[in-house]
């Protein structure tokens, strides 16, 4: 008997003081966009967010992610010298101007990759880590799958056009979130405004770094096929958003659209703790236990970004696996909690036992075994 039984619906806030709905999502001159909460991964608003499109140099976010993973694992250090191949040297498009057969430190290449968007830097790092372009793109695609980037396929580490090289605004936001959260000690490079290598100073192409001090990353991209693209992040107080815009016709549109998304998000959403980690949600019956019931709580605190004024409309519905039979461990998963406003589900998490329930003696277990037959 493992049917799912809905035991109750918990109203998180019973008093509602005035209805305030989030305004309609902004109309933006781009093919695709998404606004995501960096902490939770919650999507706040999007348009064509799952459409497969060429990402241009935003590709280098994955190249950089694999480099910093190698740094964290010890496979690389910032001082590791990498010899520049003829293939890396002759890369077209944006470059940091490394010289063939010269050795360049990883730290220089990393800044050339992120700040200067150097295709030559991307290729030098890729060849070193992957053994070849093909080897590295295999690493890129495996990592994309691991991170849950379901609609992404890479054919090179630079983002130069290829029909089989594509991603989505959602997948770029997922990757950006991992860059911010998984390796925070390297994130400052994405907000670095300029870098000088070989006496050549180049500014970061992300002009939002100059417009708004709260914006501190991540990466631009542009080709004829991709249009003007941007993945960026802004933090105000304790809240950080990630915005991705793809396929703008004009360079200024990618900046204006990204800022419009941030302004929309910070104006229209507010952070709310809707469930506490130790909050008792229900008392559920238990068979074959020394006690006949167990308290149920959420596995962890639930903090969400909700439309301004709508927190009190959020409800948590609890589904428990039944029957519950002792022994039960403290923290054992007993079911699922879904938090929603209307038809929209904002979060799903496990419901767990708030305390252990030990197994009863022989006669009580036998009696409950009989009861469970009917």
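Positions of Cβ are set from backbone N, Cα and C atoms, glycine also.
For reference, TrEMBL has these:
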| type | residues | note |
| --- | --- | --- |
| ACT_SITE | 57 | active site, acyl-ester intermediate |
| ACT_SITE | 60 | active site, proton acceptor |
| ACT_SITE | 117 | active site |
| BINDING | 219 | substrate binding site |
| DOMAIN | 269-359 | domain 'Peptidase S11 D-Ala-D-Ala carboxypeptidase A C-terminal' |
> Quick one: Cα separation, residue 60 (active site, proton acceptor) versus residue 219 (substrate binding site), in Å?
Replying inline: 8
> Near residue 57 (active site, acyl-ester intermediate), which residues of its own chain have a C-beta under 8 A away, given they sit six or more steps off in sequence?
Replying inline: 93, 94, 117, 119, 158, 159, 219, 220, 221, 222, 229
>> Taking 10 A as the limit, how many CB atoms besides its own sit near the CB of the residue listed as 'substrate binding site'?
In response: 30
> According to DSSP, which kind of secondary structure is residue 60 (active site, proton acceptor) found in, if we only use helix, strand and coil?
Replying inline: helix
